[in-house]
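S.K.: Shown below is the structure under consideration.
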Amino acid sequence: MRRRSSSIAQGIDWVSVLLYLILVILGWLNIYAAVYQPDAQQSIFDMGINSGRQLMWICGAGILIAAILIIDYKFYETFAYIIYGAIMLLLLAVIFIGATTNGATAWIKIGPLKIQPGEIAKFATALALAKYLNSPNKKVENFNTYSRALLIIGVPALIIILQNDTGSAMVFAALVVALYREGLPSTFMVLGLTAIILFIAGLFVPPATLGVYVGVMGLGSIIYSWLADRNIYQVFAGWGIVGSVMYGLYYYFDHTYISIGLFFVFAIIVIASFSNFRSFRWITFQGAYFAFALLFTISIDFVFNTVLQPHQRKRIEILINPESDPLGVGYQVTQSKIAIGSGGLLGKGFLEGTQTKLEFVPEQSTDFIFCTIGEEHGWLGAMFVFTVFFILIARIIMLAERQKSRFSRVYGYSVASILFFHFMINIGMTIGLFPVIGIPLPFVSYGGSSLWSFTILLFVFLKLDSQKNQMLGRA
């Protein structure tokens, strides 16, 4: 029996396990601090409060870990598609039979328990993605390969959006990092970064006006590429002509029409230069890039006013100007920053947080658990959490790089990217850098679905890593 138990844990990366335990215990203690009331004299083990229930979820996570380590490592790759398909069907079922919480129909209620299938869908999608990319003759730089890989990622994200849980759906975008590691063309990363920058800029500058600026930069860049090897004076002359024309258009015509016109100009440039692609390759790429940028810029207003729901628009508006609604939508973020700032360098001490005790911050044991850490443990406590997360994520990436199987490597990068996305967005929400989209801090926030899904996600990878010498898939 002793030999069996030792073989189960053989090869496990104990550094990652230790970091996991630190985060789980830290989370449990701060969940207790978030709900603690001095007059009530409640024990941390009291099952009537969140800390007691979280302990139950932690014990359940321990059972899951044991099961993961006992199951043969081959199971996860063999049944990856079946697990993925089953979870997708469950996600679809949630739309029709799910319980609604905070506007999102993302939960299945079984008696007193509520389960969020969208959390476990991250694990299922990471498995399916790793399984697909480990198939023979799969090169991510090929269109068929990366388009199908993006489809695997996009299906659960779309279903979760239909559940009105856009925040959870956004997490799946993090899996593109795993594709990039395997050879996804950098063009996708450039376009994605461009879209993010333009969307943020479009919140401060009218999108139609922003489109004019983008178009002018694009024309200037193309003129330089076309004429630079001839005569620098011709470049300045070209810039002068374009600048004069755009100056007149800018002040006398609707900016939306100018942006649309510039889009067609870039489209014509792409078509014209493509016929002699070898000679005008760089101009073709620039034309296509700025055509995409203009099309995206023009669509910002439509996306913001039509696609996003009213509460989502309000959250973005509050991000730009939190003081515009300090007692409404902006209340949560404002109080969150007050709580974190009041902790100072060393914090007020465990169970001594005044903002916490007076319940100024809603959802303080779930999505805003970092407020409790910042208030009671101060800047040093917050930096400790940062350090543990960064070491864990870096450790996972290091382990992923040493895998002999592509399946394990892709899955490892998926785990690291999901954890990083959750960590970055959750902390960003609490300090007002990102809109409040309602995603938990991994291993720390209260909730069984969250804790169990992240535990499964991590320990399946640690199981695969422990068997890396037996896994002979493509590296």
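First residue shown is number 1, and so on along the chain.
Yeah, the Cβs are placed from backbone N, Cα and C, and that goes for glycine too.
Pulled these features from TrEMBL for this protein:
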TRANSMEM  12-35  transmembrane segment
TRANSMEM  55-71  transmembrane segment
TRANSMEM  78-99  transmembrane segment
TRANSMEM  149-180  transmembrane segment
TRANSMEM  187-204  transmembrane segment
TRANSMEM  210-228  transmembrane segment
TRANSMEM  235-253  transmembrane segment
TRANSMEM  259-277  transmembrane segment
TRANSMEM  289-308  transmembrane segment
TRANSMEM  378-398  transmembrane segment
TRANSMEM  410-437  transmembrane segment
TRANSMEM  443-462  transmembrane segment
S.K.: Using a Cβ-Cβ cut-off of under 8 Å, list the residues of the same chain that are 6+ residues beyond the ends of the transmembrane segment (259-277) and lie near it.
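M.R.: Apart from its flanks, the transmembrane segment (259-277) reaches 208, 211-212, 214-215, 218-219, 222, 283-284, 287-288, 290-291, 294-295, 297-298.
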S.K.: When each of 55-71, 149-180, 289-308, 378-398, 410-437 is checked against the transmembrane segment (210-228) for Cβ pairs under 8 Å, which one has the most?
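M.R.: Going through each listed stretch, the top one turns out to be 289-308.
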S.K.: At a C-beta cut-off of under 8 Å, are there same-chain residues at least 6 beyond the transmembrane segment (12-35) that contact it? List them, or none.
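M.R.: Distant contacts of the transmembrane segment (12-35): 42, 44, 49-51, 54-55, 58, 61, 69, 350-351, 353, 356, 364-365, 369, 372-373, 376, 385, 388-389, 391-392, 395-396, 399, 441-446, 451, 455, 458, 462-463, 465-466.
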S.K.: Let me spell it out: take the transmembrane segment (187-204), skip the flanking residues so only those 6+ beyond its ends count, and list any with a Cβ under 8 Å from a Cβ in it.
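M.R.: Same-chain contacts beyond the ends: 146, 176, 180, 210, 214, 289, 292-293, 296-297, 300-301, 303-304, 316, 320.
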S.K.: Using Cβ distances below 8 Å and needing 3 or more such pairs, separated by at least 6 in sequence, tell me whether the transmembrane segment (149-180) contacts the transmembrane segment (378-398).
M.R.: no
S.K.: Using a Cβ distance cut-off of under 8 Å, indicate which of 289-308, 410-437, 443-462 has the most pairs with the transmembrane segment (55-71).
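M.R.: The listed stretch sharing the most Cβ pairs with the transmembrane segment (55-71) is 443-462.
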